[in-house]
Each structure stands twice: as structure tokens, then as C-alpha cells.
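Annotation comment: TrEMBL describes 247-339 as domain 'Transglutaminase-like'. TrEMBL lists Cys255, His313, Asp336 with the feature active site. What TrEMBL records for Asn376, Asp378, Glu425, Glu430 is Ca(2+) binding site.
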Amino acid sequence: AHHTSDYSSTEAILRRGQDFNITLNLQATEQSGDNFTFIASTGPYPAESQQTKAVFNLSEEGASGWSATQKPSEPGCMNFVIFSPANAVIGRYKLKLHIVSGNKSSSTLLGQFVLLFNPWCPNDDVYMANEKERWEYVLNDSGIIFQGLEKNIQQEAWNFGQFEEDILDISLAILDRSLNHCQDPAVDVSNRNSPIYVSRVISAMVNSNDEKGVVEGKWNGKYCSGTNPLQWSGSVTILRKWYRGRYKPVRYGQCWVFAGVMCTVLRSLGIPTRVITNFNSAHDRNINLSVDKYVDISGKTLHLTEDSVWNFHVWNESWFIRRDLGSFYDGWQVLDATPQERSKGIYQCGPASTRAIKEGDVNLDYDSSFVFAAVNADYVTWIHYSNKRKERIYSDTRKIGKFISTKAVGTNSRVDVTANYKYPEGSRKERKVYKKALKLHRRQSSVAWRQNTTQPAQTPSISGKLILDASPVIGQDILLILALKNLISDFKTIKVKLRASAILYTRKHKAEILQLSRSIKLGSEEVKNISIKISYSQYKYALMDDRKILVTAVCETKQGASLLVEKDIVLQHPFLTIKVLGPTVVHKAVTVQVTFTNPLPEVVTDCVLRAEGSGLLKEQLRINVARMDPMESSTVQFEIIPYSSGKRQLQVDLFCSHFSDIKGFVMLDVAPAQ
């Protein structure tokens, strides 16, 4: 009845605002419930004044909103119904019974239970009316996180595993390790009735920056002292490692890891939560709603500003009402555990109402200005010349915040939620909201504002585009075409400087791959195509695990007009083929067959195949794979014994030192034990 049967626990796990039954087996034959007093308490310093202790008698509601009623029962036992209020503090409770009989009194500890938020209860702040949405955002223990590029969106499976053994205990331990709890445990626990408070604490605790939080972030491409962030495929292994390692931060995470772990923790506590991906996500360090990019005349990115635009950024949304802001701002709230900027002195972000972001109310709690910039900042491109002169060549109001995505309810398809964050790009309403946000920012900020951010750059006399011949697979050569067009009737000579660099998904330059210069003559309104080849031998040592290459072409005319053309490329991996050889039934072994191909024109060794999936494998499975010749296919078989019925996600992941992970997943319908 409390929708907690999936938790792997022997403890009573209950949801607030909903009654539960207890039976007392009595040694004395005659016993009246009239002299019974129940005491429910939570936290290290329970107190009625802090709502962390409730004292209530039979048939009368206590001041705390807790109550108990007696039900008919068999001889020798008594049945009671206990009711907790919909705004009770969540956490682990002790339930005591105090009995007064004549001049004697006794107290007995009846037991412990865990109380969670209740999205099924209309009076709970996290109430979600739609049953299918409750199943997806509270009960679904697997999901999809979208990554890649705005023009090449890819889905990655993630095992949330919020019902797996220890995960709820770990989620409660995360709350108990927070700075707030260390500073004042009594006040911290009393605030745990609010999803606003709990979610904000979790957003700080999932990263390790201020306290011994769960995951340590790293973005430099060197991960030998920990795990490459791309190799995680679920939260369970990470959370257990943190817990079993005595709260030592787990190395390493990037944005999707922080978001995956936070989704697990919030779902385990009963707060409806989903994972969101924002493509072309702005990191606006000085919060002036403008992100500047500088390149030199060879196309090399210059780090003259701390602003950046990531290919994608992943955060969370949780569903609850905003008693602090008013009902207009109820609904989906943005939370971001990736440590980017401090909020009130701590690396935490949110909850920021998506309604506040859409309406430009950037002055509202919490961190709505930071999220607004991530989806709305203007993107300004400059060419920086050696004599320190700079030329602004683009001001793009539409580039940032594209294809904001989440997994659909009930299926693995992508749902675009951009309209929850902003009005249509270029519409009058969108520009009006942007100006409103800019005005509010200026009032709040001491940052020096540049007035000309949004004025258009000079009209170009040439246009250009980088076109990918085909979606390249790792190990193959990359074929590109630079298409240039003269937009006016004058004859032109164009100097083209082309550069290819290996980058991270944050678009940070890591290694040079290729540089070349060409001189192109263009007649009146003429179009010319320049073929470019980047061979495997050129990129194989430079490529990072992100498998991303940025190609830039700076095109200059003698008249001094400049054009910058950019192309982000993600190299594809060959697919894994996963076959389940037989029906999947709880407690019945079934064989899984995985086939994969070495994509490289060279021998690879030291490959490891990993598999995981909630309800299918209790711990992550690891299988060593023998050497593979160039382009050779290999097959591995292993056994799983499902332990939970329903829809289950099995993830398989091949990794080795020669290339980054090849990932795949399959959805299984597991039948109950017969």
C-alpha cells in the first residue's frame, strides 16, 4: 500500500501522510488501550518543538498530527492503525509505547521504521497526480541519459538502482554527513520535512567539493588515480563504494554521473526526479548573460575568459510545490550537483523553478540566474589578432540551450522539454524575458556590463559550412568538405586556416590533430568545395575518451572581413549485440550472449566486459576478454539469475586501453517466479 515493496530491506519502509498497521502481542491477558501513549521520534535530539518527536494517545490526534486508533483483534494481541502527517520529517524513526497501569508505568521500544516522502498523498508537497508519471519518476530504477551533440543526440543507459540493498541507508547517511547536519543536527533533521531543503542538501552532498561528498569531479582527461567518468553506467556501484570506503569521495565523475547519482538518492527518498540534458549549455562565470569565445587567426581557441559552452550538460528536475515562492512556481524544479559555481558559499545549485526560468524571474531562490544563463545566454564570437585588436564576428542569440531532453514516461524515447525553460527562440516574448532577466541581473550584480553584447556583427561577404561526408566510426578516416560561397559580385581571394583539435565534451581543447592553410579564389557568387581528410593515424594518439574533435576554419579576405566556421564531430563506436537465450523468469538462470567487434586496424588486448542491471545482477559482473585482431568479432556468454520481476534494463559495456567504452543495453520483461 505504501509502494515500498521494491526496497531490498527487512526494515519497515513507509510513506508519510498514510496510515500503517501494527499488531502487539501481549503477555498480560487483560489490557486496555486507553492507557497507551505512542512516541515516534527521529534524529539524535528528538523534540516536539522541532517536529522530530510526536507523542500521541489513542483516538485523538496529537498536536503533531500523528494519531493512533485501535482495531478489532484476536485474544492476546491488539491491532492499531498509526497515521503520520503529510508534512512529517522524513528519515529513520523509533516507535515507543508508554503504558500507565495504576501507579506503574513502563516504556517499550516497539521497533524502527523509515518514513519517506509520499507522491501518492494529495497533501504531500511532492504529490504527483499522474500514476504513470509516479511509476517513471519514483519507481523506475533504470533510465536513459542523453549525451552527444545537438545534431547527434545519443542515449546512454543508466542503472539508478534506488531499491538495491543499502541504497536507502546510504541516502539517509548522505543527509547525516552534510555540513548543515555537522553544524546543527537538531535543526537539520527538523528541516527534513521539506523537499526544498532536502533536495538542496543532496545537490551539495553528491559532489565532494565542500564536505566529504559522494563523487569527486575531474575534467582534464587524466583519470589514472580513479575511474574514468565514462566507465560508470549506474549509481549503485558508486554509492556503495563511498559508503563502504568510509565516506571517501569516489573518483571521478562528470555531469551525467552527478545527475545519475542524485536521481537515485532523491527517488529513494520518495521525491519524483528525472534527468535533464541541455545541449550547448552555457557556463556563464560572471553571470552577465553573455558567453564570449575568442579564437586567433589560425582558429585556435584562446582562454581569455572563464566563460564556456559545453556540448551538453546534465542536471536533474524534481517535482514539488514551492511554499517559499508561491503556487505559480510549483512543479519541476532544477537541481544541479555538478560543482560549477558556489551558491551561498557552497557548491550546490537549486532548486530553481522552471517557471521562474521561463519567465526570467532570476532573482528568485535558488540559483535561477545561473540556470537561466545556461539555457539563454547570448553567444559572442571574437577573432583576437596578434596586435591585441579584436573583432566581433558573431552574436548568436539562438545557439545556447538547444533540445533540452529527458526520457519519456514509460518508454526510452526522447522528450523535448525546451518549452518548459523558454519561449520560442527569436520570438518577441523570448527577447522580452531576456531583457527582464538582464535588468534583474544588473540590479543584483556588481559585474561590469558590456552594453553592445546583442548588437549584430557586420554583414558577412562570404558564407561557409563544414559538411561531414558520413558519420565516422573510430578507427576510420574522417572525410569533410568545407563549402565556401561568395555572397557578393566582387572577385575574392580567401585565406583559409583550418585546424582540428581533440576536445572534451566541455569543448576544452586537449590536443592538436591537424593544421593546414589554403588560398581560395572565388568569383562572383561562386561556391567552392574543399575536401579535407583526417586520417586515423593523425587522430589516434590525440583523441580523448570523449571521442570528440572540433574542426575550425578561419576564412579571411584581403578586405579584412573574417568568417569562422566550426564543426563538432563525435566518432561513433560499433554496436554491441546483446541476445538473451531464453525466457527471463525470477530465480531462473538464463544465458546472455554478447557479440562485439574490434573497430581498430590494430590488435587490442586487455579488454574487459562489464554487465550490470537492477533486479538482474546483485553486483557488477566483470569478464576478461582475450586479444582481438583488427576488425575481429568476438562473442562472450554469461549467466544471470533475475531476482525482481517487471521491466528490467541489462547494461553491457566493453572497455580497454585502446579505445573508450563500447556500450549497449537491452530491456527485459522478467516474469514472476512460477
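Backbone N, Cα and C atoms are what each Cβ position is placed from, and that goes for glycine too.
These figures come from a predicted structure and were not determined experimentally.
Here the domain 'Transglutaminase-like' (247-339) has, by DSSP, the following mix of helix, strand and coil residues: 18 helix, 41 strand, 34 coil. Rounded to the nearest whole angstrom, the C-alpha distance between Glu430 (Ca(2+) binding site) and His313 (active site) is 22. Minimal Cβ crowding within 10 Å, among the binding-site residues Asp378, Glu430, is found at Glu430. Comparing CA positions across the active-site residues Cys255, His313, Asp336, the one lying closest to Asn376 (Ca(2+) binding site) turns out to be His313. The CA atom of His313 (active site) is located 17 Å away from the CA atom of Asp378 (Ca(2+) binding site). Of all Cβ atoms in the protein chains displayed, 26 besides its own lie within 10 Å of the Cβ of His313 (active site). Cα-Cα distance from Glu425 (Ca(2+) binding site) to Asp336 (active site): 24 Å (rounded to the nearest whole number). Annotation for the recorded positions Asp336, Glu425: lowest Cβ count within 10 Å of the residue's own Cβ, Glu425. The residues near the Ca(2+) site, meaning same-chain residues not in Asn376, Asp378, Glu425, Glu430 whose C-beta sits within 8 angstroms of the mean position of the site's C-beta atoms, are Thr397, Arg398, Ile400, Gly401, Lys422, Gly426, Arg431, Tyr434, in sequence order. The C-beta environment of Cys255 (active site), restricted to residues of the same chain at least 6 apart in sequence and closer than 8 Å, consists of Trp310, Phe312, His313, Val314, Trp315, Thr338.
The two recorded residues Asp378 (Ca(2+) binding site) and Asp336 (active site) have their Cα atoms spaced 21 Å from each other.
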